[in-house]
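Chemist: Encoded as structure tokens, here's the structure I'll be asking about.
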Amino acid sequence: MKDLLNFLKAQHKTEEFDAIKIGLASPDMIRSWSFGEVKKPETINYRTFKPERDGLFCARIFGPVKDYECLCGKYKRLKHRGVICEKCGVEVTQTKVRRDRMGHIELASPVAHIWFLKSLPSRIGLLMDMPLRDIERVLYFEMYVVTEPGMTDLERGQMLTEEEYLDRLEEWGDEFTAKMGAEAIKDLLASMDLPAEAEQMREELDTTNSETKRKKLTKRLKLVEAFVASGNKPEWMILTVLPVLPPDLRPLVPLDGGRFATSDLNDLYRRVINRNNRLKRLLELAAPDIIVRNEKRMLQESVDALLDNGRRGRAITGSNKRPLKSLADMIKGKQGRFRQNLLGKRVDYSGRSVITVGPYLRLHQCGLPKKMALELFKPFIYSKLETRGLATTIKAAKKMVEREEAVVWDILDEVIREHPVLLNRAPTLHRLGIQAFEPVLIEGKAIQLHPLVCAAYNADFDGDQMAVHVPLTLEAQLEARTLMMSTNNILSPASGDPIIVPSQDVVLGLYYMTREKINAKGEGMYLTGPAEAEKAYRTKTAELHARVKVRITETIKHENGKLTTETKMIDTTVGRAMLWQIVPKGLPYSLVNQKLGKKQISNLLNEAYRKLGLKDTVIFADQIMYTGFAYAALSGVSVGIDDMVVPAAKYTEIAEAEEEVREIQEQFQSGLVTAGERYNKVIDIWASTNDRVAKAMMENLSSEQVINRQGEQEKQESFNSIYMMADSGARGSAAQIRQLAGMRGLMARPDGSIIETPITANFKEGLNVLQYFISTHGARKGLADTALKTANSGYLTRRLVDVAQDVVVTEHDCGTLEGVVMTPHIEGGDVKVALTELALGRVVSEDILKPGTDEVLIPRNTLLDEKWCKVINDNSVDQIKVRSVVTCDSDFGCCAQCYGRDLARGHLVNQGEAVGVIAAQSIGEPGTQLTMRTFHIGGAASTAAAENSIQAKNNGSVKLHNAKFVTNKDGKLVITSRASELTIIDEFGRTKEKHKLPYGSMLSKADGDAVAAGETVANWEAHTMPIITEVAGRVQFVDMIDGVTVSRQTDDLTGLSSSEVTEAAARPAAGKDMRPAIKLVDANGKDVLIPGTDMPAQYFLPGKAIVNLDDGAEVNVGDTLARIPQKSGGNKDITGGLPRVADLFEARKPKEPAILAEHSGTVSFGKETKGKRRLIITRDSGDTYEEMIPKHRQLNVFEGERIERGDVIADGPESPHDILRLRGIHAVTTYIANEVQEVYRLQGVKINDKHIETIVRQMLRKCTITFAGDSEFLPGETVEYSQVKIANRKLVEEGKEPARFERELLGITKASLATESFISAASFQETTRVLTEAAVSGKRDDLRGLKENVIVGRLIPAGTGFAYHQDRQAKRAQEQQGPSAEQATDNLAALLNAGFSSDDE
């Protein structure tokens, strides 16, 4: 009985575990794993193919080669199980033990483990505080190291050369010991007293002041403490016993012809064993030192190669000149264990085939070829045949299926009914790349796919292939049906818009059906309803496009779900009335009573989903598709060459343009314009010509003259096939039609610059050779780009998934009061994104009040749905504070309230939803649509004039934000602050426009003034920065000496003089320390004070400033004292597209970032150095902060000006790290979200902000401790934010002082590698480094994220696995109290019963 129980236990040895710990293995531990020592390098006998004894494949050590049979054949069969044969020493058991029994090699001399030696930073080096060079010299027998100084004046760890060693030996004899090789290092490591070292370093940390020293000490202290805490011993980094991998994991297979295919590891092990045995023999023979040393060095090198080939020196190569694959290579990289076998496995019950269209399928169906279905569902068919008694055994059933008897097909039908299958199309860029369908059996060999899901799969039918997978268990079928069925995935998880949207033919059909035609047959009929309209159409009494009056009954769905009907006569067309028949009840007729393009149809489906729910929408979508196909066929729309009408105006336009170009060419030759101007002007001419031709062509195509019923001429939209395709959004665009019938226009070179000779021909006329050649030039680059883009985009997605994989919704509400403030997205005069669009699906974090009152409109913690958004719009609320993932307070993952609505489902997100992965997929999936290029600002773009005024685009009133200003003598306001903004607000208080106001702008309107559209509100000089006086008085020059600090020029024409301040570097010696300034004095020559301060009004002038005033001139408030010319922006390349998104998420610092003020205070300038300026900020408390700024940077601040922390001192692209440090988390979140959205918006891709916020949350995972308090942390160390939060909570509860910290922003790659989980980090990148670090510090992985759980083969803690994990946690908490006695007895009884009732062997 006991044996039976033990046997059963041995069969199911998957103990449940909750964490994985990694550490260093001690020699005893390695011996305890081992089943015997491998003594010989032999593998198998080449004649008998039996493993050699004591060799690498030895059956005595590793187990039998055949199941339950010893090597010599004395014991066979199950009955001898567990017997050890006395002849060959092999245990009789299953052969699969050869997969997990390890051996070992006793090394004749210790060997350093290369990972801890060479993986930077070297752990051995750091621990012993010795340079890596020195350690290597000792290990490879070049120098001696003192291990025991004894009574001599040597020091422990001192390096000695051969000569020095011999000298010392003569001097002191055996007073001291010095050794070389790994033994020496081992002795040094073993003799270290780690706790004492740690103590000493802590004391040193408190006393030392040097920053570099502190950094070094902190690093070393952390390592030492990790060793102490984990129970690892430092000497274990030196190997004395080498474990041997089980033989079935490094197989050796005989090929025919007497050759063998073998794993590289066998070669590497053979080398080690050979050298080890030779070393043993040499030691026994007491060979000369030099020979032994050489052998030991070779042993070290061969062990290095086995563990990590190529890490040190040249890689050992096999017979084919390729480096051998070592143990480290087995686990790292795309082909390594992690990514090849653990994160992505191939599965059975799957098939793949080409896809074709299934236009007659329902949305939840797919067509599956019978042949394929038969193969996939074989086991189900066998079992059915058996239970029905149609086949006696499985073998018989197999025969029946192979013969394909008639009954088999009937059973296949039954088996398949309501058994969903999964269809997947590679690349699976987001979760809609795998969906479930019910299979319908079809003839042929191609899978049929429903046209409406093509958008989600990004599939077309030009030879795409798809894979089919069969969910086997009931749970899997249930999940496939409830969660993955195509009918349950109508909305896109990225934006919440419908993704089941008709395209191409369907759109064209519906568009054709809903167009109107003047004077069509049957115009003016009165019809009793859609049915009669259809009858009229079918009997040919009325055309599809005829304008008629029809009696329509609308059903209105009310808030409470009640339905009421309303009937009225509506002016419409026959086609629209017929379409109304398929529209579900509850939608208004106005949605159909228009010409339906792609946008309108999408809107129609969206409305249906929001108002009527899932089921009606799905049925409706199918009906739309069938109708669309039917009428596209009836329309007879086709592409004919005569449909491309070339406008007559084209030739005259081109002739005019050529004339203009000729003129500019002449001007250039006579030197009136520069080469650059000529190029830009030529390009502008051709671009505008192209536009004019295109406009003429579109006007020509889009309308035609017809005679209406009154016999008059009337214009109507044309029924030109090509125009209809483009107008409906089915295929093609205005830009493409322009190339067909207008002119092709300007072409780009591969570097993005524009070729100045345009292609004047179009495709209808045909291109000549030159034109064809020009057009291939840029087009080829496009193709190359696309190939690169795909790889880049895939890599971005991989990094995003990796950083965000463990963000799961873990609780309903974290209880935080924090949130982010949402305002509409306004650029210049346009509202780009409305507030309601941004806030939809978010949870309000504080009560929204009715503007101007204290009445609560929306209470906090309300989920904003479409209904509430209407309330926000109607009350013209301008900003809302909503909860955000970034500010969520959950320790792990985030909470449902902070995330808000699940976009793909339309309600509050469920607990267990893997929102991190969804966010990563939503950002990564459109990556292939983004451009790869860096835009060169060339051609038309660079000539745009710099802005110098603000014109209102809407009526409303002016509002100024954080603006300081003075009023000048004309009564105009002059701005004297930096970061001012001007907004224009409509009568409801909604922000319509937002503009930046530069320093020195003149406003013609004051705060609160009314403004009309088109009025100029503010203006300023574009290329200079003024210095504005805030007081009136008389000018007095200080330190402004002509020829020393300033140079005066007098204009010959006007006679006016101006002085330009010379830069400090260019002045003669006398003027170096002078500081030119303009002081304002009153009539008696006394200093005028700046209002509100006791500082005299003195304005220091930077270099290059130009002063147009004379000494003693009178000035008024708001006058310009001096002007500083601004360098124009120049042609800076803008990084756009995919690289820009990657830069943002990697949090890369820009080349020349904007310089932001570190503190609030008053600015002054100190002594300058050769290339830098010294900027001093005096804080209100009186202490100063200095910063050196390169001279070539243009500063935005003057001496004596007050600035706030985070203000821009020098312009440039802002660095996200600075934004976080100086303006906080909200600012950096907004910055990254807006910048990323900018790129996607250009491509017309919609992504919800919350996905970007989820990634930003993960980038902010770490923080740096600034003050340790009573915590365990060290100041300056970087710790997981959640760790600090939990630790501080504890400290506060105990009444101790919590640690203080600053949040850090990490790029996504860094953040992925810095996760808590070493398994996840190791499977991402830099596997060796991650594992080395984890092993040394004895890390424990709690398997919190998704990736770790996939790798160890458990259910993931998300989705349906979330409940399972919650359960386990609750159980564990219970178990810590311990089970009761009764429970224990029950458990035992259950075990025994299980043992008896089992029908296992």
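Each Cβ is built from the backbone N, Cα and C atoms, and glycine gets one as well.
Residues or ranges marked as Zn(2+) 1 binding site by Swiss-Prot: CYS70, CYS72, CYS85, CYS88. Per Swiss-Prot, the feature Mg(2+) binding site maps to ASP460, ASP462, ASP464; the stated evidence is sequence analysis. As annotated by Swiss-Prot, Zn(2+) 2 binding site applies to CYS814, CYS888, CYS895, CYS898, with the evidence given as sequence analysis. The compositional bias 'Polar residues' annotation in Swiss-Prot covers 1375-1386. Per Swiss-Prot, region 'Disordered' is recorded for 1368-1387.
I'm curious about the neighbourhood of these features; can you describe it?
Modeler: With a cut-off of 8 Å between CB atoms and residues at least 6 apart in sequence, the same chain places CYS70, LEU71, CYS72, LYS74, TYR75, GLU91, VAL92 near CYS85 (Zn(2+) 1 binding site), listed in sequence order.
Counting every protein chain shown, the Cβ of ASP464 (Mg(2+) binding site) has 17 other Cβ atoms within 10 Å. Under the DSSP three-state reduction, ASP464 (Mg(2+) binding site) is assigned to coil, being neither helix nor strand.
Following the DSSP three-state reduction, the secondary structure of CYS814 (Zn(2+) 2 binding site) is coil. Neighbour count (other Cβ atoms within 10 Å of the Cβ, all protein chains): 19 for CYS814 (Zn(2+) 2 binding site).
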Chemist: Rounded to the nearest angstrom, how far is the Cα of ASP460 (Mg(2+) binding site) from the Cα of CYS898 (Zn(2+) 2 binding site)?
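Modeler: Cα to Cα, CYS898 (Zn(2+) 2 binding site) and ASP460 (Mg(2+) binding site) are separated by 38 Å.
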Chemist: Could you check which of the binding-site residues CYS814, CYS888, CYS895 is the closest Cα neighbour of ASP464 (Mg(2+) binding site)?
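Modeler: Going through CYS814, CYS888, CYS895 one by one, the closest to ASP464 (Mg(2+) binding site) is CYS895.
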Chemist: Ranking the binding-site residues ASP460, ASP462 by other Cβ atoms within 10 Å, which is at the bottom?
Modeler: ASP462
Chemist: Between ASP460 (Mg(2+) binding site) and CYS895 (Zn(2+) 2 binding site), how far is it from one CA atom to the other, in Å?
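Modeler: Between the Cα atoms of ASP460 (Mg(2+) binding site) and CYS895 (Zn(2+) 2 binding site), the distance comes to 39 Å.
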Chemist: Would you mind pulling the DSSP three-state label for CYS72 (Zn(2+) 1 binding site)?
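Modeler: SS state of CYS72 (Zn(2+) 1 binding site) = coil.
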Chemist: CYS895 (Zn(2+) 2 binding site) to ASP462 (Mg(2+) binding site): how many Å between their Cα atoms?
Modeler: 44
Chemist: Since the record lists CYS70, CYS72, CYS88, CYS895, CYS898 as binding-site residues, which of them has the fewest other Cβ atoms within 10 Å of its Cβ?
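Modeler: Comparing Cβ neighbours within 10 Å for the binding-site residues CYS70, CYS72, CYS88, CYS895, CYS898, CYS72 has the fewest.
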Chemist: Under 8 Å between C-beta atoms and at least six apart in sequence, can you list the same-chain neighbours of CYS888 (Zn(2+) 2 binding site), or say none if there are none?
Modeler: CYS814, THR816, CYS894, CYS895, CYS898, TYR899, ARG1257
Chemist: Would you list the other residues of this chain near Mg(2+) - those whose C-beta lies within 8 angstroms of the C-beta centroid of ASP460, ASP462, ASP464 - in sequence order?
Modeler: ILE355, ALA459, PHE461, GLY463
Chemist: In whole Å, how far is ASP462 (Mg(2+) binding site) from CYS88 (Zn(2+) 1 binding site) when you measure between their Cα atoms?
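Modeler: Pair distance, Cα basis, whole Å: 63 Å.
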